[in-house]
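Below is one structure, written out as structure tokens, with a few remarks after it.
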Amino acid sequence: MKFVGAHVSASGGVDQAVIRAHELEATAFALFTKNQRQWKAAPLPADVIDKFKSACAQYGYGPGQILPHDSYLINLGHPVTEALEKSREAFLDEMQRCEQLGLTLLNFHPGSHLMQIDEDKCLARIAESINLVLDKTSGVTAVIENTAGQGSNLGFKFEHLAAIIDGVEDKSRVGVCIDTCHAFAAGYDLRTEETCEQTFKELGEVVGFNYLRGMHLNDAKSEFGSRVDRHHSLGEGNIGKTVFSYIMRDPRFDKIPLILETVNPDIWAEEIAWLKAQQ
């Protein structure tokens, strides 16, 4: 069973995201629970929480089909203590919003060392940040996303993800989300059946499929190994359609949100229908 959808807008309230996902005939969706480019947000009103839960029940979306994403401003590996604390507070708020909405996953980019501390120290800070927030929340899993490795962003190697998981005390509440565009840009080839086999074998050996909690299905405008994060519509970029068909046929990707963040929302419904047809 595959859960397929897109990162839909929550404009007008988080309950509207559910309706937009349903209109795409999606069986999964992602959303921001607050403005992703602001630090602070008003608390979720009780009536909006109720509307969100009612819409999920009405349209058949369980927590395992929904992959909320945190703010882009958060850096859980920030080298400067004051800025690190600000990120940790914001991440806690994001986790608490998920708790309120009855959601069990929160997807986030791990963090950046900003050329001020070494990789290992930054990865340890990220794990420490996760531990602090998991201690203050319950029921929500921290889902680390791999990155393309732009700038000083960590998470572009599977080993980075494994190192963070290793530092998290409650292994039952940490997982990973693999973005195909990011992986490709970071040097993990996905253009053929053979390279898909190799890349996902490596993921299984280094991180473990038991930690896989979601996928972002994106083609890439960026070149292989370029460390540049530029998404494209499925089949229109440098990856091609093989990997997406591969994922839809492989049971290791069952029952997790498979989320489009492709560049043209106007064709999401078509892309979702095409993905479903690959099974």
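Heads up, the Cβ atoms here are built off N, Cα and C, so glycines get one too.
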According to Swiss-Prot, D229, H231 bind Zn(2+) 3; which one of H160, H182 is listed for that same site?
H182
Can you match one of H22, H109, H232 to the Zn(2+) 1 site that Swiss-Prot gives for H69, E145?
H109
Which candidate from D118, D179, D189 does Swiss-Prot annotate alongside E145, H216, E261 at the Zn(2+) 2 binding site?
D179
Of H109, D229, H231, i.e. the binding-site residues, those within 10 Å of E261 (Zn(2+) 2 binding site) when Cα atoms are compared
H231
Distance from H216 (Zn(2+) 2 binding site) back to H182 (Zn(2+) 3 binding site), taken between C-alpha atoms, in Å
9
Least Cβ-crowded entry, counting other Cβ within 10 Å, from the binding-site residues listed as D229, E261
E261
